[in-house]
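Step one of this worksheet: look at the structure below.
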Amino acid sequence: MRYGRFFNGAGSTNGRGVASTGEEDMVDITPGLQQAAVTSPTTPTNHGTFQLYEHSGRNSNARSNWDAVIFSGMQGDTDDIPGIGQYDDFHTIDWQRDIARDRMRHRYIVKKRQDSLWDLIKGAHDAWSGWVCVLLVGVCTGVVAGVIDIGASWMTDLKFGICSQAFWFNREQCCWSSDETTFDQGNCSQWLTWPQVFGESREGAGAYIISYLFYIVWALTFAALSASLVRMFAPYACGSGIPEIKTILSGFIIRGYLGKWTLIIKVVGLILSVSSGLSLGKEGPMVHIASCLGNILSYLFPKYGRNEAKKREILSAAAAAGVSVAFGAPIGGVLFSLEEVSYYFPLKTLWRSFFCALIAAFILRSINPFGNEHSVLFFVEYNKPWIFFELIPFVGLGIIGGCIATIFIKANIYWCRYRKYSKLGQYPVTEVLVVTLVTAIIAYPNPYTRMNTSQLIYLLFNQCGISNSDPLCDYNRNFTDVNSAIEKAAAGPGVYHAIWLLFLALVLKLVMTVFTFGIKVPCGLFIPSLALGAIAGRIVGIGVEQLAYKYPKIWLFSGECSTGDDCITPGLYAMVGAAAVLGGVTRMTVSLVVIMFELTGGVRYIVPLMAAAMASKWVGDALGRQGIYDAHIALNGYPFLDSKDEFQHTSLAADVMQPKRNETLAVITQDSMTVDDVETLLKETEHNGYPVVVSKESQYLVGFVLRRDLNLAIANARRTIEGITGQSVVIFAGNGNPPPGPPTYLPLNRILDMAPITVTDQTPMETVVDMFRKLGLRQTLVTHNGRLLGVITKKDVLRHVKQMDNEDPNSVLFN
């Protein structure tokens, strides 16, 4: 038996994955469609020199080998014509087509498994390759996160001084290695501040000025290096990357966004930009870095590397690993991937994401970059349970968080839009340097903005104990016994001074983060948001604590606070406030609560966190529809159809389709156009695909062919088949035998999709939008009584949604 080279796999199934000879599909259909069915290539035909199959007992074995024919056709797509099945830059993938290709490939492998031991091994490798791939992604993500944490902590401390014994130690490691039992705020004899390096004393005006100058110079150096690297080598490495990852996971192609150069520059640039003291975090970019690793490693496994829909399963797992290592929160990472970034999340992806996040967290824990026994970032131990009435201030914090978040989102989007459409966007490095200079000058005088943001959050989450020397813990207490309970006490002058400094820090951080998020360095948003909320929460917490001290007898406090022990924990308020602002900015709920209790180890405070997160989301939704990531997706014009939004309008498919009723539709006929005709059509129009019809008069639909596939197939035919000229007839469907002699026709039925998704012109747009969301369509064809009327693309749907919401439809830039 010999199988032909160009059998069309897609056209040879009847939609249920069952091979069809054509007879069973001919039952009870309209005359027009019958004509289309008769002329469609579902029955094997001979095309002169291209014979589909020869067999002495033709019917005996044909059906059993049908799958092999189908699969060889699909293989032919990718092997015979290079580039078929791939996508151009800034295009949307066809989920249905890619998943069908993978199912066909899988069926072929399962069928071949019985043939030999080697095929059995290949089958087993195919089955476990997904798990091996996410294992590698988890390991690499854990290692890269460890490198970033160690590099960033060392370079952050470099702004303040250097370790005399070993310059590669950060301040904490340097002071561990010294024999001193106590050291003041990390200053031990081994750690030299910059004034000491130049022979000055630690204290005094001269020392302050030298420290100030060194702080500014190091900040500018790090920021300039980061911005220059991004500009020269990888422009895609700037920002947090989460809006783009969301768009890519929804089926959009951005070539180079997850490439090796982007990965390298993002890692180096992230260490530099975090160390520069800018108001940004490294958590968002960790998701981008993990996704880059997922993309690069998926090419080791052709099952994922060559199939864009399958590759997104690996990218979803990688996003979970990114959050897992950023916060030490593996379960939170899986939920973040599910709730916030992923578009298509089948159950097996959930398990693989869980495994990937677990491996990444385990590797990071083994590296132990923080040098402590906790893998969580801000470990807290509160020994007091929360009191029922505290839900009122917790919900209040949620409302405050929602308001802060809304102010931030609106201001940041306004500034980013201004940057995009003004001359400012032409000077990215200058903008980074100006923002860094202003941040450094303003931040240094205030100890709460001078310190690393992660240290500030840890300080605000912490409980005041016997060893705390910070002004925040300046209460009028006498610690007689180390083990005794902390008693209620009046706040000393240090606390009030600290509150004033914290309020200034809140305003400065809010303003600086508005200008920082979106500049051309790698920058995340999680840590600044947590810091804003933690500051607001700590101030509210101290207020409630002093209220309980002054009026212990009122009914609110009467039960728990009458014993004299400290019943209010300001650190818990900081934790709840942090969750509230982060929830308001990103609109996360479930994953946020899980990340917060994994981040701090405070499992008993789930209810306060849930109350604040919900209140914050409600306030945020009431004041502004979009979270920061969705707002940036809209600003950049990416084609993202959010599955959480509802379409509430009453339009029909006929209102949205292109072309409109009085315009002509660009189509290809199944067997009456020459190569020149098709090439002219490709030159004159810019559509991404063309419907194939029986004839221009009847307009009965045969299938759909992609522009890219047409270009590649014609170019390949000119190269490989002799006798193909501009006058050769392009045939998408065989009916009868062409005359013998040189091939004066070009058979292209193998690139024809014979099962395109179609709707009628009276289909409600609500249904069409749902189909685009849930099936991941690129386009759908509109018919009336079986005749083709027009096409609706994803871009048309997005523009229609914008128009109906009274927004600018031209803001959707890509297809």
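A Cβ is built for glycine as well, from the same backbone N, Cα and C atoms used for every other residue.
Taken from TrEMBL as is:
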REGION    1-21  region 'Disordered'
TRANSMEM  128-148  transmembrane segment
TRANSMEM  205-225  transmembrane segment
TRANSMEM  263-280  transmembrane segment
TRANSMEM  286-302  transmembrane segment
TRANSMEM  314-338  transmembrane segment
TRANSMEM  388-415  transmembrane segment
TRANSMEM  427-444  transmembrane segment
TRANSMEM  498-519  transmembrane segment
TRANSMEM  525-544  transmembrane segment
DOMAIN    657-720  domain 'CBS'
DOMAIN    748-809  domain 'CBS'
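Averaged across the domain 'CBS' (748-809), the predicted model reaches a pLDDT of 90. In terms of DSSP helix, strand and coil, the domain 'CBS' (657-720) has 24 helix, 17 strand, 23 coil. Sequence-distant contacts of the transmembrane segment (286-302), counting only residues of its own chain at least 6 positions beyond either end whose CB sits under 8 Å from a CB of the stretch, comprise 129-130, 132-133, 136-137, 140-141, 144-145, 148, 240-242, 244-245, 248, 258-260, 262-263, 266-267, 270, 311, 314-315, 317-319, 321-323, 325-326, 341, 360, 522, 524. Break the domain 'CBS' (748-809) down by DSSP state and the numbers are 26 helix, 18 strand, 18 coil.
At the 8 Å Cβ threshold, with sequence separation of at least 6, the transmembrane segment (498-519) lacks contact with the transmembrane segment (314-338), having fewer than 3 such pairs. Outside the transmembrane segment (525-544) by six or more residues, the chain places 240, 279-284, 326-327, 390, 393, 396-397, 400-401, 404-405, 408, 448, 453-454, 456-457, 460-461, 472, 491, 495, 499, 502-503, 505-506, 509-510, 513, 516-517, 568-582, 585-586, 628 with a CB less than 8 A from a CB of the stretch. Beyond its flanks by at least six residues, the transmembrane segment (205-225) meets 155, 158-160, 193-195, 198, 272-273, 275-278, 429, 432-433, 435-437, 439-441, 444, 450, 521 of its own chain at Cβ-Cβ distances under 8 Å. A Cβ distance under 8 Å defines the sequence-distant neighbours of the transmembrane segment (263-280), meaning residues of its chain 6+ beyond its ends; these are 144, 147-148, 151-152, 155-156, 158-159, 215, 218-220, 222-223, 225-226, 229-230, 233-234, 237-238, 241, 288-289, 292-293, 296, 435-436, 439-440, 443, 450, 453, 509, 512-513, 516-517, 521-525, 527-528.
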